[in-house]
């Protein structure tokens with residue numbers, strides 16, 4: 001005779017199931033379970049007196065006979081494609097299956113075999129997401145990587161060589177020699193890395209040599225001169241080598257206006273950093289570029305979301321990052337032209353509409369590398385409070401909004417930079433770069449960060465304690481950070497040309513090199529849940545922004561979730 005559990009008891013034992021709702025941290029966002037892969041009564045769970053024991057939920061099958069290396073049990077997956085409860089099997093560092101784990105000898109519908117070779121990670125009552133991807137990183141210091149990993153970000157794309165003036169401002173790793181040194185440095189970090197070369201040049205040769213050296217793309221930045229000629233030449237080289245171009249356009253409109261830049265693109269795909277403009281770009285109307293089909297638009301986290309403090313902090317940040325001086329009037333005017341409350345407010349709404357597709361950090365160059373994820377969800381919360389439930393939601397939940405926002409720092413940057421076959425979502429075959437969150441700490445502090453199938457960072461207590469939980473509990477590096485495990489669980493992204501030239505062998509690299517691909521044919525329609533193409537108008541006098549004729553405006557937030565409740569500093 002079967003035993004029937006009430007919903008409350010079931011949720012506390014195996015986690016929520018279909019129809020149950022989960023609050024995300026202290027936000028006003030609630031997600032509802034859409035599907036559960038469990039066979040009720042045959043769920044697996046590890047522990048004393050629990051199911052994953054020999055002859056019960058654990059089979060006698062070997063790894064060679066199909067047992068997985070790691071199983072995450074009863075996790076609530078939140079990804080762009082769905083919100084589902086499932087077990088996740090990991091094998092050879094990749095997601096092997098999403099479904100029902102257990103012992104096929106005695107249980108039905110088993111798609112993930114647990115055996116003596118299987119480690120168990122408890123996902124009951126936890127939310128599982130793909131590791132975050134930050135696609136706008138100034139590699140100013142290596143300590144950024146620890147901070148990013150601890151926040152749930154497992155891939156960094158950007159440029160730089162350290163705390164040089166060029167790196168502080170422009171996200172470029174310029175030239176083959178610098179690219180090779182950064183590729184060698186990448187071997188020391190348990191994170192996926194990809195580097196952008198300098199794209200500012202009016203002749204192809206100097207740009208092509210950077211791609212051949214291993215750059216996964218090129219960055220055009222106004223501080224190096226983003227002229228129409230440089231844009232045209234850079235995109236021409238990118239077309240030849242199937243790499244992405246990221247652009248920070250001309251704030252001062254010296255070489256042309258936003259229309260000039262759009263014309264120079266010639267309908268070729270490009271990743272626009274700072275699409276709103278506070279971080280840089282044609283003043284005051286770079287924001288209108290998000291309505292172009294060939295533009296993959298992102299913005300960075302210092303303006304996410306618009307608050308009562310946003311404008312005040314930006315001026316000082318901008319002066320430092322772009323090597324400006326307060327005693328030079330022209331420098332001050334340059335800085336002030338970029339900070340506009342109207343376009344920052346519109347940025348909130350354009351993210352909520354899915355017109356802006358990606359959120360990244362702009363690390364130490366006006367952005368915070370450890371806050372990509374929490375600021376994304378703060379924006380989602382603010383929009384829920386100010387704009388209500390999204391049209392298209394089914395049921396009394398925020399599932400569509402949650403999927404839209406998680407896509408902004410996972411699958412969409414992966415697609416944009418040609419790495420979505422490897423990472424960017426919780427899907428079979430991809431690297432097992434995953435984050436496990438307690439719902440109360442969702443988006444703020446992950447419980448576990450899994451890199452290539454093994455725990456890389458975790459909330460860990462006193463190492464001299466008798467159990468793992470005594471205070472102080474804080475995020476600390478785990479075994480994936482050491483020795484050969486780094487190369488076994490992370491990859492470095494390079495161009496197809498560099499991969500074919502065996503650049504790894506020539507430089508003595510230990511990490512696997514993965515070539516970026518399928519980039520130049522992209523359009524905004526390829527981005528998930530964030531592909532709205534509005535006609536944007538910006539009033540040159542008032543800076544008011546309209547999308548398809550509708551005025552986009554909202555009030556700054558004075559209080560946010562996921563903030564001081566969770567942090568001492």
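From the backbone N, Cα and C atoms, a Cβ is placed for every residue, glycine too.
Model, not experiment: these values are computed from the prediction.
Under the heading active site, proton donor, Swiss-Prot lists 322. Residues or ranges marked as Ni(2+) 1 binding site by Swiss-Prot on the basis of sequence analysis: 136, 138, 219, 362. Residues or ranges marked as Ni(2+) 2 binding site in Swiss-Prot: 219, 248, 274. Sequence annotations record features per position, and here Swiss-Prot assigns substrate binding site to 221 based on sequence analysis. The domain 'Urease' feature in Swiss-Prot is assigned to 131-569. Positions annotated as N6-carboxylysine by Swiss-Prot: 219.
Structure with Swiss-Prot features highlighted.
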residue: 136; record: Ni(2+) 1 binding site; contacts (Cβ under 8 Å, 6+ apart): 157, 158, 171, 246, 273, 298, 300, 360, 361, 362, 363, 367
residue: 138; record: Ni(2+) 1 binding site; contacts (Cβ under 8 Å, 6+ apart): 158, 159, 160, 167, 168, 169, 170, 171, 362, 363, 364, 365
residue: 219; record: Ni(2+) 1 binding site; contacts (Cβ under 8 Å, 6+ apart): 159, 170, 171, 172, 196, 197, 198, 199, 245, 246, 247, 248
residue: 221; record: substrate binding site; contacts (Cβ under 8 Å, 6+ apart): 169, 170, 171, 172, 198, 199, 200, 247, 248
residue: 274; record: Ni(2+) 2 binding site; contacts (Cβ under 8 Å, 6+ apart): 248, 249, 280, 281, 286, 298, 299, 300, 362
residue: 322; record: active site, proton donor; contacts (Cβ under 8 Å, 6+ apart): 169, 223, 280, 334, 335
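Note: the Ni(2+) 2 site is recorded as 219, 248, 274; in the same chain, 136, 170, 171, 220, 221, 222, 246, 247, 249, 272, 273, 279, 280, 281 also have Cβ atoms within 8 Å of that site's Cβ centroid. Other residues of the same chain near the Ni(2+) 1 site, with their Cβ within 8 Å of the Cβ centroid of 136, 138, 219, 362, are 137, 158, 159, 170, 171, 246, 248, 273, 300, 360, 361, 363, 365, 367. Of all the binding-site residues listed (248, 362), 248 has the fewest other CB atoms within 10 A of its CB.
Confidence across the domain 'Urease' (131-569), taken as the mean pLDDT and rounded to a whole number, stands at 96.
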